[in-house]
Amino acid sequence: MTMETLAADLKDKTTISVPSEAQDAPVAEAIGTSTSSAAKKKNKKKAASTAAPADAEAKEEAEGDDDEDEDDEEEDGANTADNTTVKKKKKKNNKKKKKVAQTEPPTIPVSKIFGNKIYPEGELCDYNEENLWRTTNEEKRALERQNFDQYNDVRRASEVHRQVRQYARRNIKPGMSMIEIVEMIENGTRNLVEANGFESGIGFPTGCSLNHCAAHYTPNTGDKTVIQYGDVCKIDFGVHVNGRIIDSAFTLTFDPVYDNLLAAVKDATNTGIKEAGIDVRLCDIGAAIQEVMESYEVEIEGKTYQVKPIRNLNGHSIDPYKIHGGKSVPIVKGGDQTKMEEGEYFAIETFGSTGRGLVHEDMETSHYARVYDVQHVPLRLPRAKSLLQTINKEFGTLPFCRRYLDRIGEQKYVLALRNLVDAGVVDAYPPLVDIKGSFTAQYEHTLVLKPTRKEVLSRGDDY
Ligand SMILES: [Co+2]
């Protein structure tokens with residue numbers, strides 16, 4: 001999910017900090033990263049296919065602990081009788097049978113796979129020199145233990161994201177309709193996270209923006225668009241547990257001609273992730289991202305393009321039930337000097353383009369969200385009033401799309417929805433596009449700046 005900051009001349013929407021060179025344009029946010037260092041890659045390989053723990057300790061702690069506990073109990077039972085080492089070995093072999101496997105398509109809740117309900121940690125990164133003391137500081141470690149439940153919630157959301165996207169990456173093929181694609185992802189998410197009101201569910205509409213469209217496209221009901229071999233599709237979806245949202249995205253292509261475009265954006269996002277930390281200025285992250293992104297070229301149909309960051313899209317902080325917190329993470333230089341702080345969650349997302357590197361609103365809107373801290377607004381239309389009640393009850397402040405209204409049985413709501421947007425109670429997020437004929441790519445991860453270390457929550461062995 002990208003955060004959109006509209007220029008003053010477009011609308012009186014909340015404006016997010018726009019880098020000086022982009023002040024004539026709308027700004028949206030995009031995140032996504034992965035570290036590219038050899039060491040990190042090694043860690044990734046060590047991690048289990050369903051998870052991305054960064055160190056062996058974390059992995060052991062997080063994975064299969066339940067099974068082991070159960071086995072230990074059984075072993076203990078055997079021990080109190082007349083146990084032998086042979087018996088113990090048998091028990092260990094039985095372990096494999098007990099491990100619950102995911103189905104294809106994914107239907108098994110991750111709470112059934114991690115029976116002890118302790119979910120794998122993401123990629124752990126020590127802070128830089130000035131903050132390296134945090135790693136071993138007892139006070140910071142204690143603080144972190146206190147926050148365990150919060151981290152465990154968001155790690156559960158991460159695990160759902162990894163499992164759903166891995167299935168999606170293997171199974172989305174040219175010829176599928178966009179509706180089929182998003183339903184595959186949304187059904188998987190609802191099943192694996194055991195969607196239940198505000199306790200757990202989809203974090204925001206599933207983006208599947210194509211080609212020159214960079215963000216905020218998901219099909220509305222009746223959309224007949226079919227994905228083609230030559231398309232560049234940004235799959236951007238969200239999962240939440242108790243309002244803790246994982247916002248992570250990748251780019252899907254079938255034609256290898258786009259490989260360098262994707263490599264540029266993946267590297268740029270990983271650079272943003274690497275730079276992120278407590279006391280780091282947002283503008284410094286943007287500058288580092290731009291430098292890496294622009295070091296790539298891509299050749300498409302005989303024409304060479306330097307990959308441009310889309311300068312009016314940004315990463316963003318994430319608060320509980322609030323996908324766009326107060327801070328924007330630019331992807332070009334010249335951004336604001338606000339610093340990242342301990343405890344904050346960030347979606348680091350970058351977008352690269354073969355076009356202008358600037359997006360504007362276009363096409364039919366699908367994405368909406370109730371304004372987070374809206375004052376009471378008198379509404380004349382009874383239909384608008386009742387629709388607002390439905391939105392409050394079903395989505396609260398989480399973004400939704402028209403399909404989500406359709407599936408809960410709402411009908412003929414377009415006028416009422418427009419009324420709510422005009423009244424300033426609901427924000428509309430139209431698709432954001434670069435120039436026609438251009439191609440855009442995105443990678444995004446969610447991280448948390450824990451007291452002792454940075455944790456890249458949505459890291460997987462795919463990206
Ligand atoms: Co985002």
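Quick reminder: no glycine exception, Cβ is built from N, Cα and C everywhere.
Taken from TrEMBL as is:
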type	residues	note
BINDING	His216, His324	substrate binding site
BINDING	Asp236, Asp247, Glu444	divalent metal cation 1 binding site
BINDING	Asp247, His316, Glu349, Glu444	divalent metal cation 2 binding site
COMPBIAS	62-77	compositional bias 'Acidic residues'
COMPBIAS	86-100	compositional bias 'Basic residues'
DOMAIN	154-352	domain 'Peptidase M24'
REGION	1-104	region 'Disordered'
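Here the features listed in TrEMBL are painted onto the structure.
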residue : record                               : DSSP (3 states)
His216  : substrate binding site               : coil
Asp236  : divalent metal cation 1 binding site : strand
Asp247  : divalent metal cation 1 binding site : strand
His316  : divalent metal cation 2 binding site : strand
His324  : substrate binding site               : coil
Glu349  : divalent metal cation 2 binding site : strand
Glu444  : divalent metal cation 1 binding site : strand
Request  = Filter the binding-site residues His216, His324, Glu349 down to the ones within 10 angstroms of Glu444 (divalent metal cation 1 binding site), Cα to Cα, kept in sequence order.
outcome  = Glu349
Note = Here the Cα-Cα span from Asp247 (divalent metal cation 1 binding site) to His324 (substrate binding site), rounded to a whole number of angstrom, reaches 10
Key: For the domain 'Peptidase M24' (154-352), mean pLDDT (0 to 100)   = 98
Ask   = Should any of the binding-site residues His216, Asp236, His324 have a Cα within 10 Å of the Cα of His316 (divalent metal cation 2 binding site), which are they?
value = His324
Note = CB < 6 Å to ligand 1, subset of binding-site residues His216, Asp236, His324, seq order -> none
Query = Asp236, Asp247: which of these binding-site residues has the sparsest Cβ neighbourhood within 10 Å?
reply = Asp236
Task = Please work out the number of neighbouring Cβ atoms within 10 Å of the Cβ of His324 (substrate binding site), leaving out its own Cβ.
result = 27
Ask   = How many Å lie between the Cα of Glu349 (divalent metal cation 2 binding site) and the Cα of His324 (substrate binding site)?
value = 13
